[in-house]
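Here's the structure, in structure tokens; my notes come after.
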Amino acid sequence: MAASAAVRSSMGLTFRLSRVMPDCNTCPLNRLKSCVSGAANVQRRGSFDSFRTINRNLQTSKGLYHSEEGSSNAEDPEDVVNVVYIDRSGKRIPVKAKVGDNVLYLAHKHGIDLEGACEASLACSTCQVYVSADHFDKLPEPEEREDDMLDMAPMLQENSRLGCQITLTRDLDGIELTLPKVTRNFYVDGHVPKPH
Amino acid sequence: LKVYMLLRNLSSAFSICSPKVCIVGSGPAGFYTAQHLIKARQDVEVDIYERLPVPFGLVRFGVAPDHPEVKNVINTFTLTARNSRCSFYGNVNVGKDVSIEELQQAYHAVVLSYGAEGNRRMGVPGEDLAGVYSAKDFVGWYNGLPSCQELSPDLNCETAVILGQGNVALDVARILLAPTDILKKTDITQPALEALVQSQVRRVLIVGRRGPMQVACTIKEFREMVNLPDTRPEMMADDFEGVKEALKDLPRPRKRLTELMMKTALEIPSEKEQERQSKASRVWAFRFLRSPIEILANPDNSRTVGIRLAVNRLEGSGDGARAVPTGEVEDVTCGLLISSIGYKSLPIDPSVPFDSHKAIVPNNMGRVQHTAGLYCSGWLKTGPTGVIATTMNNSFDTARSVVEDMESGTVDVSAARPGSQSISGLLEERGVKPVTFSNWEKIDSLEMSRGEASGKPREKLLTVEEMLQVARK
């Protein structure tokens with residue numbers, strides 16, 4: 001399942017090279033000048049997913065996936081961010097991620113069924129996740145466009161964020177991201193029934 | 001006899017029976033249902049039938065040309081279509097070229113995902129005059145839906161009135177008012193672009209029966225109106241009396257939208273914004289508490305010159321508030337009237353249960369009532385509202401029901417079914433040639449390369465004949 005999802009997502013990545021891209025201006029790594037895809041940092045590769053926007057020279061990502069696995073660079077402990085995804089059935093899936101990883105594409109890489117219909121362009125709400133209380137406030141404030149899209153998400157909660165807008169940093173270590181549960185009786189218009 | 005029985009048991013133990021599912025409709029509902037089925041069971045094979053030669057339904061024909069990011073979902077659907085266990089059959093009219101019954105015999109399960117191709121009528125005199133269009137047809141026109149290409153709407157008037165305040169109404173308003181310099185870089189059709197360049201429309205009124213707190217649109221689309229270049233808002237302060245007090249009890253999405261509307265209506269804009277507004281050549285406005293009574297015609301009764309509106313008051317509050325006529329009426333001059341009051345599903349076959357009041361196929365979690373092996377997903381299941389995310393959840397839900405039924409034996413997958421083998425035979429006999437996904441990719445390629453020449457993402461083919469011609473090259 002994870003392998004086929006990884007292949008699916010890596011195949012999908014070849015499409016992502018040719019469509020509307022996310023905005024580096026809002027990325028904390030860009031602001032902090034610690035974007036791992038920058039020229040100065042070619043050696044240290046984070047998740048391919050976090051800089052697919054820049055590396056257009058890459059061949060099919062299938063090839064890249066292999067080169068990542070075969071990388072001779074030792075894992076830098078400073079770079080590791082421990083993440084736990086809680087999938088729609090409640091199962092906990094711990095993932096060892098790296099600083100700079102994008103929560104949506106990290107999920108795809110690990111076969112977690114977090115959809116990203118608009119491919120991180122803030123035009124849908126299918127990547128909604130609930131962020132653990134301890135980490136929610138550590139995230140940068142959502143930009144207005146993210147809030148607008150969140151407003152359309154079914155089962156919106158106080159701790160909802162769009163996964164495609166979360167980039168991992170050291171202080172998010174231990175973050176838990178819960179996918180909204182499947183409710184077989186959801187309301188089609190996202191209407192939240194008033195408690196009674 | 002014993003040897004015979006042993007051999008029979010062995011052969012059924014080793015026989016591969018792949019469950020075969022047929023999906024009718026290749027829009028988001030069809031594709032998301034297929035995606036979930038293929039992922040949930042490694043043995044399931046899915047065939048998607050589509051009436052047009054081209055897939056993707058409302059993602060191609062409904063989403064506005066200036067919302068290309070929403071269309072990224074096509075990449076996800078393309079992956080599904082290219083899966084070895086998924087096949088696309090375009091140019092097949094289910095209900096005419098092949099019956100639901102024939103599909104039910106050929107497949108273990110049939111999922112109806114054909115959406116809502118009709119529209120709700122206003123039910124007022126003058127509805128069929130020239131100059132009056134449904135939003136569904138207007139959107140189909142500028143998005144290249146073959147059946148809407150003869151619409152040729154007359155844009156030679158100053159004021160356009162749109163009835164309805166949902167996202168479709170706002171899309172229509174935005175396309176009518178957006179600077180054509182922006183539109184010419186989108187996948188809007190060439191004829192529509194030319195018509196809009198010539199358009200005399202300078203003022204668009206977006207009219208709703210109820211008040212600001214009942215609008216069906218969402219904040220993203222309202223904000224796009226506020227930020228639309230070369231336009232200015234003309235909201236009425238009086239419409240927002242009493243609204244501020246009600247804000248605190250509203251759920252977040254409604255609260256944020258209402259706040260933005262209030263701000264647009266009541267706040268004095270910054271100097272910079274005032275300057276921008278004074279230079280704007282086009283105007284948009286929301287008008288509340290108005291219902292259509294009659295569409296007014298010119299002297300020879302050939303086209304519309306205006307609309308007579310009933311003035312309402314609100315009874316109750318929130319989503320359940322009702323519009324009650326006060327007896328007052330108001331006439332508004334306009335040369336273009338677009339009714340955006342909802343799409344509507346149509347029945348496909350007398351054998352399929354249909355609730356004509358709600359215009360949906362009656363179902364329980366996607367399982368069609370009283371009909372084993374028949375399911376529905378998307379707008380046909382829940383009614384014609386919802387964005388991609390809603391339809392996605394809805395379709396996954398139906399797919400779960402199908403899988404559950406396969407696992408419980410409600411859908412008997414132990415006996416093999418012929419699937420597309422028998423349907424292809426029937427179609428051939430009837431002279432119907434399906435369009436495959438690779439055929440579609442030829443159309444796709446051609447559209448994109450034609451678009452390149454004019455700086456557009458694609459230049460859509462506008463007739464079924466052209467599409468078939470290119471598909472079969």
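Glycine residues also receive a Cβ, built from the backbone N, Cα and C atoms like all the rest.
Just so you know, TrEMBL annotations never went through curation; they're auto-generated.
Site annotation for NADP(+) in TrEMBL covers B:Gln165, B:Gly166, B:Asn167, B:Val168, B:Arg209, B:Arg210, B:Gly386, and the matching candidate from B:Glu221, B:Glu224 is B:Glu221. When TrEMBL records B:Glu50, B:Leu58, B:Val94, B:Trp379, B:Gly386, B:Val387, B:Ile388 as binding FAD, the matching candidate from B:Ala29, B:Ala415, B:Ala416 it lists for that site is B:Ala29. Model confidence over the domain 'FAD/NAD(P)-binding' (B:20-176) is summarised by a mean pLDDT of 97. Binding of NADP(+) is attributed in the record to B:Gln165, B:Gly166, B:Asn167, B:Val168, B:Arg209, B:Arg210, B:Glu221, B:Gly386, and the widest Cα separation among these residues amounts to 20 Å.
The Cβ neighbour count for B:Gln165 (NADP(+) binding site), using a 10 Å radius over every protein chain in view, is 25. For the binding-site residues shown (B:Gly166, B:Gly386), fewest C-beta neighbours within 10 angstroms: B:Gly166. Minimal Cβ crowding within 10 Å, among the binding-site residues B:Glu50, B:Glu221, is found at B:Glu221. Spatially, by CA atoms, the binding-site residues B:Val168, B:Arg209, B:Arg210 include one closest to B:Gly386 (FAD binding site), and that is B:Val168. Chain A lies within reach of B:Gly386, B:Val387, B:Ile388, taking the binding-site residues B:Val168, B:Gly386, B:Val387, B:Ile388 and requiring a CB-CB distance under 8 A. The distance from the Cα of B:Val168 (NADP(+) binding site) to the Cα of B:Val387 (FAD binding site) comes to 11 Å.
Spacing of B:Val94 (FAD binding site) relative to B:Asn167 (NADP(+) binding site) is 30 Å (Cα to Cα, whole number).
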